[in-house]
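Here Swiss-Prot flags His138, Lys159, Arg243 as active site. If you look up Swiss-Prot, you'll see Asp177 marked as active site, proton acceptor. According to Swiss-Prot, the feature ATP binding site maps to Gly153, Glu154, Ser155, Gly156, Leu157, Gly158, Lys159, Ser160, an assignment based on sequence analysis. As annotated by Swiss-Prot, Mg(2+) binding site applies to Ser160, Glu202, with the evidence given as sequence analysis. The feature region 'Important for the catalytic mechanism of dephosphorylation' is assigned by Swiss-Prot to 264-269, with sequence analysis given as support.
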Amino acid sequence: MLTVQELVDDNADKIPFSWIAGHDAADRAISDDGMAAADLVGHLNLIHPSRIQVFGQEELAYYTRFDLRRRMHHMDELLIGGVPAILLADGLTPPQDLIDQCAQHQVPLLSTPVAAAQLIDLLRIYLGKKLAPTTTVHGVFLDVLGLGVLITGESGLGKSELALELISRGHGLVADDAVELSRTAPGVIEGHCPQLLQNLLEVRGLGLLDIRTIFGETSVRRKMRLKLIVHLVRATAQDKFERLPLQDITQDMLGLPIRKVMLQVAAGRNLAVLVEAAVRNTILKLRGIDTLGEFMERQAMAILQSSK
């Protein structure tokens, strides 16, 4: 659960906050309750008290136009409604009654010199990533030709060896063994590596390899968008493998269908070349070029002409 103190600490470089009141409530939770990040923070809104309230110059001018009694009434309703925090943008100085009420209700009140619109934009981006649905999957995540590729399969099939071969061919490692995936936008899944395993690749017989040290800075990536899953299967698993799928195979990942390719592992097969070919073919499909569909149309035309 994200707290106000975490929000302050995580954004210290971009948004310098100063505590005014309610510091004892620094551990107050910021709950998403299924809401989008855009709904978790915004300009002062008395109708939606459950989001982070931002006071800009216009909001503070509107608030101070009320008499003291009416201000206290509205603010009491807002604070009792479960507001996570109140943020004053543009370096504004709050009226004393606002400070007193935040202290009384133990609601964090903070100030920052950042402009209100910029503050909201920065926090929406931050909250969208921080509160995004996440999962951890077993596999190797790579940047292959600019496409985020997740290699999966049962243990012992050579996922790490395949990743090492692809890295030696100029592609980049994102994560090995434990891949953290986050749905940061409605149609975007980002994958990254846990801090503990960054730059490391485990290969049977060699142990842990520091890819960044061995291959250089350009051999690793911090994050990539997941676009393709390459699933390795044993050559004996005929019941799980379709030689020529007529429809694209997809796998559900955090509620999104991700394109999936299945490759058989057998002696003499160059899997690195096959993965590169699968990625190039996926790029063509993303551009609207369907090789199998074009072939089937060509075949239908040939059958039609031969029947005349």
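Cβ coordinates are placed from backbone N, Cα and C, and glycine is handled just like the others.
Small disclaimer: the values here were computed from a predicted structure and weren't measured.
The structure, with features from Swiss-Prot marked on it.
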residue	record	CB count, 10 Å
His138	active site	14
Gly153	ATP binding site	20
Glu154	ATP binding site	13
Ser155	ATP binding site	7
Gly156	ATP binding site	9
Gly158	ATP binding site	16
Lys159	active site	24
Ser160	ATP binding site	19
Asp177	active site, proton acceptor	18
Glu202	Mg(2+) binding site	15
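It is 11 Å from the Cα atom of Gly158 (ATP binding site) to that of Glu202 (Mg(2+) binding site). If you average pLDDT over the region 'Important for the catalytic mechanism of dephosphorylation' (264-269) in this model, you get 84.
Contacts of Leu157 (ATP binding site) defined by a Cβ separation under 8 A and a same-chain sequence distance of 6+ are given as Leu232, Val233, Arg234, Val265, in order along the sequence. Among the binding-site residues Gly156, Ser160, Glu202, none has a Cα sitting within 10 Å of the Cα of His138 (active site). Sequence-ordered, the extra residues of this chain that approach the ATP site, with Cβ no more than 8 Å from the Cβ center of Gly153, Glu154, Ser155, Gly156, Leu157, Gly158, Lys159, Ser160, are Leu232, Val265. Per DSSP, the secondary structure of the region 'Important for the catalytic mechanism of dephosphorylation' (264-269) breaks down as 0 helix, 2 strand, 4 coil. Calculated from their C-alpha atoms, the gap between Glu202 (Mg(2+) binding site) and Gly156 (ATP binding site) amounts to 12 Å. The two recorded residues, Asp177 (active site, proton acceptor) and Gly156 (ATP binding site), show a Cα separation of 12 Å. A Cα-Cα distance of 7 Å separates Gly153 (ATP binding site) from Lys159 (active site).
The secondary structure of Asp177 (active site, proton acceptor), as reduced to three states from DSSP, is extended strand.
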